[in-house]
Amino acid sequence: MHIVVVGLNYRTAPVEVRERFSFAEKDMPQALQELLRTKSVLEGVIIATCNRTEIYVVVDRLHMCGYFIRSFMERWFGVPREEFTRHLYMYEDEQAVRHLFRVACGLDSMVLGETQILGQVKSAFLLSQRQKGTGTWFNMLFKQAVTLGKRAHSETAIGQSAVSISYAAVELGKRIFGSFSGKRVLILGAGKMSELTAKHLSGGGADEVIVANRTYARAQELAAKFDGTPCTMQEAMERLADVDILISSTGAEGIRDHVGQVERSMKRRPDRPLFMIDIAVPRDIEPEIGVLENVFLYDIDDLEGIVENNLEMRRAEAVKIDKMIEEEMQVFANWLQTLGVKPVIRALQEKAAHIHESTLDSMFNKLPELDERQRKVIRRLTKSILNQMMHDPINRIKEMAGGKQGAEALEMFTQIFALEKHLEAGAPVGRGKRRLP
């Protein structure tokens, strides 16, 4: 059997392609059942996010797997395969396992090290499990992937630094104030960047978030999302003396030509710093404002510098996670090898039981004078001897099966004890039966 993943993501397909291959949440159970009915598929999990659609399967035939999965996608989405095949990637066995581990750890995400994908991987696995879509292989693999993803974030610092402009603005504010508790925030502009910044600030414990916009209705709409206070741009200028943090992202008016008004506001609040972040292009806030006493002004270039430094730090942490992934891949490979030992041990036990019974039958036929009690004693004694004789070989082959030469050890063990006839047809024993080097 083999592990395969077929998918597309933000690297291989633009958004107009990705949105055509997005599984609706309500349709996922049906999609999984359809996938599991696909020829050669034994287990299946579908991970579907805005940035990726990936189909993980355990199959019994590798050479036709790609064709079968593409056919499934063609049927489900109603899109001819010629229109999407060039956007697909396909990983097999070892590469498929490595890819899943990287996805779960956030190393394959658009934002390196993000944590949302880990929850999505777990949810996809649990959904498939409820739909009876996972078996021995994926139950082990996906649990291991989720555990590894948690370790990656708890044992490294990959998620502890801002890599978006909006979050970098918040991180910068924390450096100055230490905490947003008791702080008032004024946001100029109600666009996407302002919304993200307001979300981070509100989540960081700011007492009040005031939103000003040229269109008052839009200010009301954004303020309502964070239990904030809307106001007009003129009112915002009048409230400068009351706020601790100002984020400007209008790209139009901001507080240009208001140096004098800012200076007067600062005189009304002696010894209280005002933290200003200008994330607009062109800039909203005149650089001259930044030289006023107790005013800390930063623009988007300052924030991009922080983001780049943080990205470098995340890349360094990703190297550590890559090492963790390689270690976990070996753990999974060893586990796969141990699956092959079960039918071998069972075959040995069945052969030993057959020899034991036939030998006792022969002996009892030659000694008809033995009563039932004597026969039971002989049966227990000989079975105890047999079990003791098998104890060490069984424990040793269990250990060896999990090692690097596990497949070879199973083959040799099978030959030494002549177990071929006792093995179940198609039992996964020996080299080439379990594919994950």
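Heads up, residue numbers simply count up from 1 along the chain you see.
Cβ coordinates come from backbone N, Cα and C, glycine included.
The active site, nucleophile feature in Swiss-Prot is assigned to Cys50; the stated evidence is sequence analysis. What Swiss-Prot records for Thr49, Cys50, Asn51, Arg52, Ser109, Glu114, Thr115, Gln116, Gln120 is substrate binding site. Annotation comment: Swiss-Prot describes Gly189, Ala190, Gly191, Lys192, Met193, Ser194 as NADP(+) binding site, evidence class sequence analysis. Look at Swiss-Prot and you will find His99 tagged as site 'Important for activity', backed by sequence analysis.
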Site extent for substrate (largest Cα pair distance over Thr49, Cys50, Asn51, Arg52, Ser109, Glu114, Thr115, Gln116, Gln120, Å)
15
Near substrate: residues not in Thr49, Cys50, Asn51, Arg52, Ser109, Glu114, Thr115, Gln116, Gln120 with Cβ within 8 Å of the site Cβ centroid are Gly106, Met110, Ile117
Any idea what the Cα distance is from Ala190 (NADP(+) binding site) over to the residue listed as 'active site, nucleophile', rounded to a whole Å?
24
Other residues near the NADP(+) site, CB within 8 A of the CB centroid of Gly189, Ala190, Gly191, Lys192, Met193, Ser194?
Ile187, Glu195, Leu196, Thr197, Leu222, Ser249
Least buried by Cβ count (within 10 Å) of the binding-site residues Ser109, Gln120, Ser194
Gln120
Do me a favour and check the Cα-Cα span between Ser194 (NADP(+) binding site) and the residue listed as 'active site, nucleophile'; whole Å is fine.
22
So among His99, Gly189, Gly191, Lys192, Met193, all listed as recorded positions, which is physically nearest to Asn51 (substrate binding site)? Use the C-alpha atoms.
His99
Rounded to the nearest Å, what's the C-alpha distance separating Gly191 (NADP(+) binding site) and Gln120 (substrate binding site)? Just drop the number here, would you?
28
